[in-house]
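In what follows, a single structure is set out as structure tokens and then discussed.
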Amino acid sequence: MESPEVTFTLAYVVFSVCFVFTPNEFHSAGITVQNLLSGWLGSEDVAFVHYHIRRSTATLLTHSLLPMGYFIGMCFAAPEKELYNVYKAADGWKVFVLITVLLPVTTSILAFYWSQKRWGNHPLAKTLAHHALPQSSWRAVASSINTEFRRIDKFATGAPSARVIVTDTWVMKVTTYRVDVAQQQDIHLTVTDSRQHELSPDSNTPVQFITIRVASVNPRVKPFDIRLNSTEYGELREKLHAPIRNAANVVIHQTLSDMFLETFKSLVEANQVYELSSNQELEPCIGCMQTNANIKLVKYCQEANEGECQQCYCRPMWCLTCMGKWFASRQDQQHPETWLSSHVPCPTCRAKFCIVDVCIVR
């Protein structure tokens, strides 16, 4: 049986990681800095900038107390170590105690410095000052952002720890400890990366995330990256004034069918290959007439007389892309989690098949 100190350590590590990175379960339970300190932070809708100035400061202070919380907990989980008496503790614990004291002291001094000049020393205030007119201040920029954030036509997406917000004038990225801000009229946007995941934890369907670099012509504004679901790409472009360059030649799937098609292709490419006899020639795909047909349906999923699938005797008449589009078009659009395991009729002879039966012709 594990000792209480090991159990407490594992539990506290899990709690700390979840408290810092705040998964959906912690948000639902209200175990976040924003919820615990909501009375002091105020309302994001009323004063967006001042809310995040306080939130980032409070988050830094709260997170700096986590090591101290662990030490206090260990005093109760392992009383035989007598950790409450620092002079009797081992050297390693003495160093840890020093760290637990220095962290909140340092962050408190930093928070006090940020709060001077009515929060004028805060990193967000300094960032906004780069966008202020010569005869103006960061507070004028903050007022503009606050006003535009209250409008219902803004674009907002992402997890609470990495939100992307686009208003008529501003592009903002809100993270745990900072807020990046760029003015729309000054920016260049470039798609730099794309990551596709076979399953989304929320919908149990394939999902593609794209990364866009936001670079300002203002040399004092640091570039930053925003990350969003490809299905939101079209809505983002409508809100942006500047075009988005695709420097990495990334294929962006803006619909669920686009993402399914990529998954369909990758699965078919892993299936068995159909060897075409030497006296047969491939004809153009009857679906698009732009490429040769390269798909043959052969029942490989089960024995000949078993299961729902049937043997198709059609010659190769469809290309992989058109067959994938046909497969997607026959699915229940309300239940995408069933697409990969479903059966559909052959577009020519109506014999039922599944993805395992789709073979590339060689």
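Cβ from N, Cα, C; glycine included.
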Query = Swiss-Prot lists transmembrane segment for one of the ranges 57-77, 162-182; which is that range?
reply = 57-77
Ask   = Do P4 and V298 end up on the same side of the membrane, going by Swiss-Prot?
value = no
Query = By Cβ distance under 8 Å, which residues at least 6 away from the ends of the transmembrane segment (95-115) in the same chain are close to it?
reply = 53, 57, 60-61, 64-65, 67-68, 70-71, 86, 89, 121-123
Key: the zinc finger (285-350) - residue tally per DSSP class, helix then strand then coil   = 16 helix, 7 strand, 43 coil
Remark   = If one takes Cβ-Cβ under 8 Å and requires six or more residues beyond its ends, the residues near the topological domain 'Cytoplasmic' (28-56) are 18-19, 22, 62, 114, 119, 122-125, 128, 142, 145-146, 149-150, 160, 174, 176-179
Ask   = In the same chain, which residue numbers or ranges, 6 or more beyond the ends of the topological domain 'Lumenal' (78-94), come under 8 angstroms Cβ to Cβ?
value = 3-5, 8, 71
